[in-house]
Amino acid sequence: MRSNPDFWRFVWANGVTQMGTQVTTVALPLAAVLALDAGALQLGLLSAAQMLAFLLVGLPAGVWVDRVRRLPVLVWSDLVRGLALVTVPLAAWAGVLTVPHLYAVALILGFGTVFFDVAHMSVLPAVVPADRLERGNSALEVTRNVSLLAGPGLGGWLVNLLTAPVALLADSVSYLASALLLSRVRAEERPTEAVQRPSRRERRLRREMAEGLAFVVREPVLRRVAVVGALAMAANSVCAVGFPLYLVKELGVGPGAYGLLLSGAACGALAGATLVPRLTARFGTGATLYGSAALASVLYLPALATGPGWRLAFLPAAGALFGAASSVFGVAQLSHRQRVTPAHLLGRVNAAMRFLMWGAFPLGGLLGGALGERTGGYAVFAVGVAALGLAHLAVVTAPRIRTATAPPPPQRYADRDPA
């Protein structure tokens, strides 16, 4: 794949936009906390707004993406998200920035992310052949985790230097740069003759959405992975409320240090992503999924000891261990999904998985906000951390996954030179 320029443009676009997204992960809640003195419930609503789109259009997005070329969807999604973020520093400079404005921006970001993510996962099989999916997904995961490693620290530094609202300009620029790179990617996106798109009369939105959900429910590995994802996303949303409440408001951690603390998980995730091709080649997809889930279920629990002073080190240390295991799990399950899903269903299956998994995110944000109003930051922090690890028990309790294999699918796209 080294000499495949389209693949590497795709990878670089992924890295650029992921870096900016991690800046927003730090800067958006800090804009609410530091610039607007938002409380726990407002942080919960902000977290929920970012992922509400997965509940509203998560399933139909997959149907729509399957009906069109996916690369233009990626480009337009980046452009919309970049323009939405520009409004935050402009409003701050004009002195009219409000928490509802942040809600609106978060909602727009969510809608753009729904279409981008569904299309992004569906494009890779058109860029690389099926037998290189682990390598392709691993490269994408490495760039994502480099961004996870550097992005929060960069975000904290930019917040210190420029204030949180202005720091969001970095993500806006990253989306525009990603759109430029993606506009130059060429991929064979046409399906084979056996799976041509249906006629207009046969296109029934509800039926086509149901096809994606039905495939996930019938496929035993995807079914369990969807449960893990839903529980983990709800826990992540609780963490999105608990982390700034506990670390910034209660422990007094500054923006720069806050970003660095969040980078810990990316250190392990970066290492884990590079190991996936070798692990799946040696042990198989099923055993890799099962083993990584078993490790992820316990490795984040030491973060519960996070506290003032030297005890802050528990968070990045536990995060690094958890990040390695969860990264292996994520790459392996995505490669399995792409391999077992027919091309004409890929967008709908990806959308169904996103709907089931990310649709739980708003619920976690509301739960975290309500819990924070009644208790304190540490309680929200602890619930999120514990639930994030324990979510993986949904796979650990299904030992038959260890022997799961992915049968080779029928040819889905025109052959491409992987060299």
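Indices start at 1 and increase along the chain as displayed.
Yeah, the Cβs are placed from backbone N, Cα and C, and that goes for glycine too.
The transmembrane segment annotation in TrEMBL covers 12-36, 43-64, 79-99, 106-128, 157-182, 225-246, 258-276, 283-301, 313-334, 355-372, 378-398.
Residues 40, 220, 224-225, 227-228, 231-232, 234-243, 245-247, 250, 289-290, 293-294, 296-301, 303-304, 306, 322, 326, 329, 364, 368, 371-372 of the same chain sit 6 or more residues outside the transmembrane segment (378-398) yet have a Cβ under 8 Å from a Cβ within it. Counted over residue pairs separated by six or more positions, the transmembrane segment (313-334) shares at least 3 Cβ pairs under 8 angstroms with the transmembrane segment (258-276), which defines the two as touching.
Highest Cβ pair count under 8 Å relative to the transmembrane segment (79-99), across stretches 12-36, 43-64, 225-246, 283-301, 355-372: 12-36. Here the transmembrane segment (258-276) touches the transmembrane segment (12-36). Their Cβ atoms form 3 or more pairs under 8 Å, with each pair 6 or more residues apart. Comparison of 12-36, 157-182, 225-246, 283-301 by number of C-beta pairs under 8 angstroms to the transmembrane segment (43-64) places 225-246 first.
Under 8 Å from some Cβ of the transmembrane segment (355-372) lie the Cβ atoms of residues 39-52, 54-55, 58-59, 62, 213, 216, 226, 229-242, 245, 379-380, 383-384, all in the same chain and six or more residues away from its ends.
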